[in-house]
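Here TrEMBL flags 18-195 as domain 'tRNA(Ile)-lysidine/2-thiocytidine synthase N-terminal'. Per TrEMBL, the feature ATP binding site maps to Ser23, Gly24, Gly25, Val26, Asp27, Ser28.
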Amino acid sequence: MTLFSQETQAALIAHDEFVVGLSGGVDSVVALDCMNAFAKSHASPLKVRAIHVHHGFSDNADNWHAFCQAVCDKYGIPLTTLKVKVDGSKNLEANARQARYRAIKNNLSSSECLITGHHEDDQAETILLALKRGTGLDGLCGMAQFSIVHEIPIFRPLLSVSRDEIEAYAQQLNLEWIEDESNTDTRFDRNYLRLEILPRLKERWPAFSRTVGRTAQMCQHSRELTEHFAETDVQRVVAQGFLSLADIQSKPSSYQFYILREWFKRCGIAPQALARMREIERAVIGSRYWMNPKLELSKGVWLHRKGDKIYLSVDKSAGC
């Protein structure tokens, strides 16, 4: 019995060393159970181990570590526990996520792939959060089944499986898991969506998370198509160190924005809001060639035009 689809199992075969991110929650426990079954059923040997990140936020953190160790002992799977320090002054969720990724990245070998328990309801929450902030195609793509995040290869084998299906699987196999008390704190946006908003949406439209997942897949296909056709232009800009207006002025604004955003991304520059991109279009791309306009994107990062060429000037402390 497994929740991994045949397509997912076929994709997993591309790897042979896996590290399951184990929090002790039902999603990660089920991911570990399914990975253990997959590894045992595979013809060639697969290596599976688990990682537990000990944030130390909760009074129960040591108990959660002990629980994860007991689960791994049951399967005969090695467990590595990583203790991290998190800046709790503001944006605790984001700081914890960054600390977690740093710790995992430093622990993974170059041949290992991280397995997470993200599921289709997580996907719906991720896209709703992106819509709340205001997003473009990247935000609507949500999470891919396989992606590289902070240089970590991540595979999400349960991404097309609902939370209800995961819990039903765990109950059927008498699996045990822990409940993190912070998951009920609706001051956090994701918890608010999970506990207050998604249930209402699914009450009216039961397949809501599934259809959001299909939308994400279609957006991912559109992004892949755009990346395919724009890659030559992006590589030329990065290699040259400037953007020639002759190459883009005949293209739609959306294409110009894409080239600029990719250029910024590959220089380690934060994404620019739509209003700022419009300002670039008006004040830099659309200016007279003799004006040599200069626009500050962020501290230490400048976009400036000389004739028909646009350059990035970045202080060493700002990257690029």
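Don't overthink the numbers, they just go from 1 along the chain as shown.
Cβ coordinates are placed from backbone N, Cα and C, and glycine is handled just like the others.
Just so you know, TrEMBL annotations never went through curation; they're auto-generated.
Note that the coordinates shown come from a computational prediction; the quantities given were computed from them, not determined experimentally.
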- Find, among the binding-site residues listed as Ser23, Ser28, the one whose Cβ has the highest number of other Cβ atoms within 10 Å in the structure shown. Ser28
- Query: Any idea what the model's mean pLDDT is for the domain 'tRNA(Ile)-lysidine/2-thiocytidine synthase N-terminal' (18-195)?
  - Reply: 94
- Task: Among the binding-site residues listed here (Gly24, Gly25, Val26, Asp27), identify the one with the smallest other-Cβ count within 10 Å.
- Result: Gly25
- Mapped onto three states, the DSSP assignment of Gly25 (ATP binding site) reads coil
- Query: For the ATP site given as Ser23, Gly24, Gly25, Val26, Asp27, Ser28, which other residues of the same chain have their Cβ within 8 Å of the site's Cβ centre?
  - Reply: Leu22, Val29, Val30, Ala31, Gly117, Trp177, Ile178
